Amino acid sequence: MNANVLKLIGIIGMVLDHIGWVLFPDIALFHFIGRITFPIFCYFITEGFLKTHSRRNYLLRLLGIALISQIPFVMTFRLAFGEGFSGLNTLFNLVIGLVTIWLYDKAHFKGKCIIVILGALCGVLFMTDGDIYGVLMIFFFYKYHNEFKKMAISVSILTVIYHSMYQIYAIVGTWAMGIMTASEIIEVITGPNYYGPILFDFAQNMCSLLALILIRFYNGEKGKNLKILFYAFYPLHLIIIYIIKVGLM
């Protein structure tokens, strides 16, 4: 399949995922399907980086759409997660990942892996949707771009570790912020109803690895020029979901 087909699959997954968060929060199926989107987008960041005629213009286009999308992103997801929701949208995470592999590509010194570590930290510090996970995934797609087996193994290990650590981070954060005491947390995690939702969430996130199967069948061809559609779709679909949700309230 060519790039356009893969991107359209990613877009469909993204729309379903966002519809699930905002319009149908009780239907988990939307999120199981939607998990394939992020790895596809990360993969095509590396594709764009390696094949574009101007990396500078590519970066500026991506950054421009990220800036345009920020207000629709916050407005839409505040309807799902409340007025306290903040942070930068996914495209900013992709921007950081793109800058990271660009700097890594240009660097010619020992220990240049520090660039990747700093890029991943920026993904967290700037509170981007995708944080450390997206930046590292983009790097692995870049590093093993022509070695699918190594690419798949590294991305799979990253996904398992990240989503496992996320649960631990949530527990520690709950204690650190004083939401629950240590004894209360122990009581919860040793209770009979704790691991069901955890395993369900973990299984949901593991569905992102299905994207690797789709990427394996990518033939390297671009297809018709649908650049404007792909760039415009992200902010537009957020605005449409916002309007629908407000209309239903």
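Cβ atoms are placed via backbone N, Cα and C, with glycine included.
Noted in TrEMBL for the protein shown:
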type	residues	note
TRANSMEM	5-23	transmembrane segment
TRANSMEM	29-46	transmembrane segment
TRANSMEM	58-81	transmembrane segment
TRANSMEM	87-104	transmembrane segment
TRANSMEM	116-142	transmembrane segment
TRANSMEM	198-218	transmembrane segment
TRANSMEM	230-248	transmembrane segment
**Report entry** Stretch contact, the transmembrane segment (5-23) with the transmembrane segment (87-104), Cβ-Cβ under 8 Å, 3+ pairs
**Finding:** no
Report summary line: Per the Cβ filter (under 8 Å) with a sequence gap of at least 6 from its ends, the transmembrane segment (116-142) is approached by 38-39, 42-43, 45-46, 49-50, 73, 86-90, 92-94, 96-101, 103-105, 151, 154-155, 158-159, 162
Query raised in the report: So which residues does the transmembrane segment (87-104) touch in its own chain, when a touch means Cβ under 8 Å and the partner is 6 or more beyond its ends?
Result: 38, 41-42, 45-46, 48-49, 55, 58-59, 62-63, 65-66, 69-70, 73, 112, 115-116, 118-120, 122-123, 126-131, 134-135, 137-139, 142, 234
Query raised in the report: Near the transmembrane segment (58-81), which same-chain residues lie under 8 Å Cβ to Cβ, leaving out any that are not at least 6 residues past its ends?
Result: 18, 21-22, 25, 45, 48-49, 52, 88-89, 91-92, 94-95, 98-99, 102, 129, 231-232, 234-235, 238-239, 241-242, 245-246
